[in-house]
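Q: This is the structure, below, for whatever I ask next.
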Amino acid sequence: MEASCLELALEGERLCKAGDFKGGTAFFEAAVQVGTEDLKTLSAIYSQLGNAYFYLKEYGKALEYHRHDLTLARTIGDRIGEGKASGNLGNTLKVLGRFDEAVVCCQRHLDISQEQSDKVGEARALYNIGNVFHAKGKQQLWGCTQEPGELPSDVRETLQKATGFYEMNLCLVKELGDRAAQGRAYGNLGNTHYLLGNFVEAIKFHRQRLSIAKEFGDKAAERRAYSNLGNALIFLGQFNTATEYYRKTLQLSRQLRDQVMEAQACYSLGNTYTLLQQYERAIDYHLKHLCIAQELNDRVGEGRACWSLGNAYVSLGNHKQALHYARKHLDISKEIGDRNGELTARMNVEQLMEALGVNESDLSPSSSEFEMQGNTQEVDCFLRNMDRRSRNQLSQPGKRKGYPDSQSSDERPWLDSPVDADDITVQVTPPKLGRDPSDEDCFFDLLSKFQSSRMDDQRCHLDETQNGDDTEGAANTSLNEMIDPAITTSPQTEELFDLIASSQSRRLDDQRVSVGNLPGLRITQNNLGHLVGEGDHQEPSDDFFNMLIKCQSSRIDDQRCSPPEAGPHAPTVPDEDFFSLIQRVQAKRMDEQRVHLPSDDQDSSQSPDQEPPGDFPS
C-alpha cells in the first residue's frame with residue numbers, strides 16, 4: 001500500500017511537470033485515496049495538489065489542499081513546511097482578490113523563513129508580498145479616471161509598498177546569485193513603476209528584464225519585456241521606438257504560436273500607427289487583430305477592432321468604410337451588453353449617416369455596397385493569416401509537451417517551493433470578492449477552539465435592535481414591538497439561551513478540523529507520537545493569534561457587497577490598453593486626427609468615439 005501511494009504521487013508529479021495538470025491531479029487524488037502513514041510524503045502530496053489545482057484555476061480546491069498542508073505542517077512541527085504552505089495560501093488568496101488575508105499568510109512565510117535563516121524562502125516571501133500589493137493596487141485602479149501618474153493616495157501607497165518589497169527581494173536574490181529571480185524582480189519593478197507613472201524608471205527595469213530573458217533564452221519573458229517597453233515609451237511620446245518593440249513582440253508571439261499575444265501585439269501596433277497618423281498601416285494591423293479575434297470567438301476584441309477601424313477610416317475620409325465598422329461595433333456592443341460601447345457606436349453611426357446623406361433603409365446588409373467591400377477586406381486578411389499559419393506549421397517543429405511557453409523552466413515551483421503566481425499570465429476576469437462556497441470554514445479552523453469567546457462575540461444579541469443599520473431596520477422594529485419585554489428577561493429565557501449557546505458550541509466543535517480528518521492520513525503507532533493528540537493542545541504564539549485575528553476580520557469584508565464587475569473580458573485586447581489613456585493625455589493631438597463632419601450645431605468638445613479606459617499592465 002505504501003509503495004502504491006508513493007508511486008501514484010510520483011506519477012502525478014511527473015505529469016504535472018510535463019504540463020498535464022489534470023492527469024497529475026487524478027494521480028495525486030488516487031494517492032490520497034490509498035493513504036499513507038508517512039507525514040512528510042502526505043504533506044508533499046497536499047502541496048503538489050494545491051499547486052496543480054492552482055494552475056487549473058480551481059482555486060477553491062487549491063485552498064483546501066494548502067490548508068491541509070498547513071494543518072499537517074503545524075501538527076508535526078515542520079516550521080519550513082508551515083512557511084511554504086502559508087506562502088502557497090497567500091498566492092491563492094491573492095488571485096481570489098482576498099488581499100488582506102494574502103498579506104498575512106505571506107508575512108507568516110517571511111517571518112518563519114527569517115526565523116529559520118532560510119534565505120531562499122525569505123526571498124520568495126518578499127517577492128510574493130510584493131505581488132499581493134501590486135495586484136491590490138491594480139484592482140484599486142479599475143475604473144479610476146485619473147491620468148497616468150496622478151493616482152489617489154491610497155493606490156499610490158499600495159503600489160509603493162509593492163516596490164519596497166520587490167527592491168528587498170532584488171537585493172536578496174542578488175546576494176544569492178539567482179539570476180532568474182533577478183529577472184522576475186526587474187520585470188515586476190518595471191510594471192509597478194509603470195502604474196505609478198514613473199515611465200523612465202519602468203524602462204530602465206524592463207531593459208534589465210529583457211537582458212536576463214535573453215541570457216536564459218526565455219522567449220516568453222523576452223516578449224513580455226518588449227511589450228512592456230513599448231507601453232512605457234508610448235507615454236513618453238516615443239511612438240516610433242515603441243513600434244519597433246511592438247514588432248518584436250509580434251515576431252516572438254508568432255514564434256511561440258501564441259495567437260492571443262499575437263492579436264494583442266497587432267492591436268498595440270494599430271493604435272500606435274494611429275498616433276503616428278499612419279492610418280493605412282494602422283488599418284492593416286487592426287484587420288489582423290480582427291481576424292484573430294473572430295477566429296478565437298472574442299466578441300469584445302472584435303468590437304474593439306471595429307471601433308478602431310472606424311476611427312482610422314474616418315481619419316482617411318472614407319466614410320463608407322467607417323460606417324460599415326461603426327455598425328458592426330454597434331451590433332457587437334448590443335450583443336455583449338457593453339452599454340458604453342453601444343452609446344459610442346450609435347453616436348458614430350448617426351454622424352456618419354448624416355455625413356453620407358443616407359438613412360437606415362439604405363443600409364440593408366444584402367444590398368449595401370460598402371458592406372461588401374468591408375467583408376472582402378476581412379476575408380482577404382483571414383486568408384492571408386491562414387496561409388501564413390500553414391507555412392509556420394510546415395517550417396516549425398512540433399511543440400514539445402511541457403510547460404506553456406509563458407513560463408520558463410527556472411520559474412516552475414513544485415514539491416519544495418510556493419507558487420510564483422505573477423509569472424503566470426492568467427487571462428481571467430477580475431476575481432469577485434465574494435466567497436467561494438468551498439471557503440466557508442476559515443483555513444485556521446484548527447486553532448479556532450482557542451478563540452471560542454470570539455465566536456460568541458459575533459453572534460446576534462436579540463436585545464440590541466438599534467445596531468441593525470440599513471439592513472431591514474423597519475422589520476426589526478416592528479417585530480420588537482410585538483415582543484413582551486418580560487419574556488426576554490425571564491429566568492426561563494436565560495436557561496433557553498444557555499441551552500442554545502451550549503448546542504451551538506457543540507456544533508462548532510463538530511465543524512472544526514482534527515488531525516484525524518486529514519484525507520489520506522493513516523494513523524499508526526509509528527506516526528502517532530508526531531501528531532498532536534486531541535487532549536494535547538499546544539497554544540500557538542501571540543503572533544499567530546494576531547495573524548488569525550487579521551484573517552478573520554478580513555472575512556467580514558467578504559460578506560459586504562462587492563464592487564461592480566469590470567466589463568466583458570477581451571483576451572485579444574491587452575490589459576495595458578493605453579489608447580483610451582492616450583486620448584486624455586493627448587486630447588489635442590487626437591482631436592486633430594478626427595474628421596469634423598458637416599454639422600453646424602455639432603459640439604466640437606464631444607468625443608463620440610471615446611472608449612472607456614482599459615485595465616493596466618500585468
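Here the Cβ of each residue, glycine as well, is placed from N, Cα and C on the backbone.
Straight from TrEMBL, here's the annotation block:
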COMPBIAS  589-599  compositional bias 'Basic and acidic residues'
REGION    389-422  region 'Disordered'
REGION    556-576  region 'Disordered'
REGION    589-618  region 'Disordered'
REPEAT    43-76  repeat 'TPR'
REPEAT    223-256  repeat 'TPR'
Q: Using DSSP, how many residues of the repeat 'TPR' (223-256) fall into helix, strand and coil, respectively?
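A: Output for the repeat 'TPR' (223-256) reads 30 helix, 0 strand, 4 coil.
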Q: Which whole number is the mean pLDDT over the repeat 'TPR' (43-76)?
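A: Taking every residue of the repeat 'TPR' (43-76) together, the mean pLDDT is 93.
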Q: Could you tell me how many residues in the repeat 'TPR' (43-76) are helical, how many are strand and how many are coil under DSSP?
A: 30 helix, 0 strand, 4 coil
